[in-house]
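Participant: I have a structure I would like to understand better, so I am pasting it below and will then ask my questions one at a time.
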Amino acid sequence: MITPAIEDRPQWADASAGQARAVTPGALDIAHGVILYLDEISVSFDGFKALNKLSLHIDVGELRCIIGPNGAGKTTMMDVITGKTRPDSGKAFFGQTLDLTRLKEPEIAHAGIGRKFQKPTVFEQHTVFENLELAMKMDKRVWRSLFYKLDSEARGRIETVMEQIRLTAQAHRLAGLLSHGQKQWLEIGMLLMQEPRLLLLDEPVAGMTDDETMRTAELFVSLAGQHSLVVVEHDMAFVEKLGGKVTVLHEGSVLAEGDLATVQADDRVIEVYLGR
Amino acid sequence: MRQSYTERSVRLLGPKGWTAMLAFLALMLIIVPAMHLLAPPDSALHVSNYAVTLTGKIMCYAMVAVAMDLIWGYAGILSLGHGLFFALGGYAFGMYLMRQIGLEGNYHSALPDFMVFLDWKALPWYWQGTDNVVWAIVLTVGVPTVVAGVFGYFAFQSRIKGVYFSIITQALTYAAMLLFFRNETGFGGNNGFTDFKRILGYSITAPETRVVLLGLTALALAGTLLLGRWLVTSRYGRVLAATRDAESRVMFIGYNPLWYKLFIWTLSAALCGVAGALYVPQVGIINPGEMSAASSIEIAIWVAVGGRGTLIGAVIGAVVVNLAKSWFTVSFPQYWLFFLGFLFILVTLFLPQGIVGLYQKLTQRRTPDAPNAPAPTEATPSTPLTQEHAA
Ligand SMILES: Nc1ncnc2c1ncn2[C@@H]1O[C@H](COP(=O)(O)OP(=O)(O)OP(=O)(O)O)[C@@H](O)[C@H]1O
Ligand SMILES: [Mg+2]
């Protein structure tokens with residue numbers, strides 16, 4: 001299934017009338033071991049309920065898969081978390097204290113939620129290294145960029161991420177020359193450079209070969225723990241390989257939750273996927 | 001390795017670039033002045049008035065071309081209004097030169113002749129203080145900066161892009177041209193400003209003055225190139241190029257493209273203003289023709305011919321096209337515009353990366369087994385121009 005590209009465009013440039021800057025995510029409070037709470041979130045478009053009292057929480061370091069039929073509300077849920085869509089009712093918190101329904105999109109991004117959209121967009125005329133450098137978490141105002149010098153610490157961080165995404169050998173290759181799967185990885189790497197606490201990945205393996213899909217699964221598993229991940233995917237082999245808890249969304253609310261085998265055995269889930 | 005923005009640019013400014021730069025400065029600051037001042041007029045070594053003026057003029061154009069490349073080649077924003085910023089700088093400094101005429105005008109008035117002719121009794125407020133060279137220089141840089149800054153802020157803020165942006169820059173320039181054409185607006189009507197006599201008290205036609213102006217222009221051009229290089233090899237330059245290629249992605253990783261674009265746009269305009277101010281005393285006239293559609297389009301053609309996104313290509317393009325122009329306008333004046341149009345089509349079709357691109361292609365073919373040479377399949381990265389066409 002193809003998400004229209006237009007839907008994937010970040011819209012917070014208008015919102016950031018001032019200069020975007022690196023906000024210290026100091027306000028993030030994860031003392032209770034939970035990084036994301038959604039409580040009875042409802043969103044409707046012209047009367048149609050895309051999300052219907054959706055409640056969900058993600059633990060720190062967790063790797064969560066969200067599955068569900070087309071139109072279940074998975075992308076809308078990510079829109080709510082990243083501030084792109086405001087819920088009609090319900091609560092959304094990042095950690096204990098950050099109210100996602102009040103923050104603007106760049107503020108949410110700087111607070112530590114990174115999102116990968118379905119269509120990979122990397123800077124094709126820049127090298128892999130430069131792509132990662134540009135994405136790095138730092139002061140991003142014009143003046144700082146003019147006088148910026150790459151220090152060894154930053155270089156080290158870029159090299160670490162390049163290893164994670166297996167692109168070290170391609171460091172000085174133009175991103176435009178990478179394969180589709182490598183571009184997806186590079187984009188994930190750019191996300192990591194922003195040092196998010198929570199990563200939202202909407203259909204990250206769409207268009208990848210089986211081999212690339214499995215390697216992506218390995219990468220995500222290795223990221224869990226340090227980061228919390230929410231992965232939306234239709235590819236069941238991939239979901240199985242990730243091995244985490246699975247949440248099934250249907251008509252805007254949670255239908256079932258548990259490990260993959262459990263939810264696959266659930267009668268209501270079978271009915272939703274096969275019954276119609 | 002060779003293909004990154006950073007490294008590519010560093011290589012261009014490397015030992016070869018520096019040598020070329022120093023040779024150029026030695027030529028313009030020492031050799032040409034000596035040949036103009038010292039060699040007797042009938043000697044083969046003598047550089048004529050005409051040649052000195054033409055060289056100075058072309059260097060001013062080259063500065064404008066570099067400014068254009070910064071905004072077009074690196075930020076992907078095609079301005080068809082750079083003639084305006086050039087003219088604004090030219091007019092600001094031109095008024096200083098008008099005031100330097102003093103009482104020696106046709107009407108022997110302290111007011112410029114055209115104002116006497118209009119029966120004005122006093123300078124309009126906006127020309128106050130222009131007898132002071134410092135203030136004139138402030139205007140030279142300040143007016144294009146403010147005009148570009150305000151215009152750019154609103155245009156970029158409302159996300160006007162691509163061809164729409166080009167069209168409104170052209171419209172702005174056209175409106176300004178109409179304004180400057182009118183006698184009662186105080187810009188000298190269609191004659192503009194001319195008949196200058198002195199600059200800082202020195203005769204403006206004296207060989208020594210010409211040589212000093214030539215040297216200053218060479219320094220300004222060199223400075224513009226160095227500034228440009230520094231900008232495009234900085235992180236700022238990489239963000240700018242990223243904005244050109246995928247703006248929404250740039251926003252998503254936390255940059256606000258508005259300020260990135262506005263900075264280069266305004267700087268580009270200010271550089272054009274400086275070029276205009278250097279142009280006027282050397283060429284001896286500034287008139288609204290500089291704001292015609294054709295003038296601004298010509299600037300874009302210089303850059304396209306030389307090669308976008310290389311800076312040095314802009315200089316080469318400005319020099320080549322303007323040398324051709326001065327030859328044509330003497331030999332076949334009526335065919336110049338046809339030739340220019342033809343040249344543009346030719347370059348777009350066959351040399352999308354301009355003269356610099358052609359040179360790179362030729363030198364690469366000659367040394368196929370050079371270390372680091374890209375494998376054939378990953379041929380040189382396409383320039384922004386071809387990228388857009390491919391996309
Ligand atoms: N901006 C919008 N305006 C109107 N309806 C919308 C809008 N965004 C989403 N919807 C609708 O809300 C429902 C949920 O959409 P959503 O994109 O969240 O589904 P999804 O679970 O991501 O589906 P898919 O697997 O197809 O990506 C769909 O029926 C969709 O048509
Ligand atoms: Mg979706």
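Glycine is no exception: its Cβ is also placed from the backbone N, Cα and C atoms.
If you look up TrEMBL, you'll see B:20-38, B:50-68, B:74-98, B:133-156, B:163-181, B:211-232, B:258-279, B:299-323, B:335-359 marked as transmembrane segment. The region 'Disordered' feature in TrEMBL is assigned to B:367-391. The compositional bias 'Low complexity' feature in TrEMBL is assigned to B:369-391.
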Participant: How about the transmembrane segment (B:133-156) with the transmembrane segment (B:335-359) - do they touch, taking at least 3 C-beta pairs under 8 Å (6 or more apart in sequence) as contact?
Facilitator: no
Participant: Cβ under 8 Å to the transmembrane segment (B:20-38), counting only same-chain residues 6 or more beyond its ends: which ones?
Facilitator: 45-48, 52, 55, 59, 207-208, 210-211, 214-215, 217-219, 222, 225-226
Participant: Between the stretches B:50-68, B:74-98, B:211-232, which one has more Cβ pairs under 8 Å with the transmembrane segment (B:299-323) than any other?
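Facilitator: Answer, by Cβ pair count: B:50-68.
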Participant: Tally Cβ pairs under 8 Å between the transmembrane segment (B:74-98) and each listed stretch (B:50-68, B:163-181, B:211-232), then give the stretch with the top tally.
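Facilitator: The stretch with the most close Cβ contacts to the transmembrane segment (B:74-98) is B:163-181.
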Participant: For the transmembrane segment (B:258-279), I need the partner stretch with the highest count of C-beta pairs below 8 angstroms, choosing only from B:50-68, B:163-181, B:211-232.
Facilitator: B:50-68
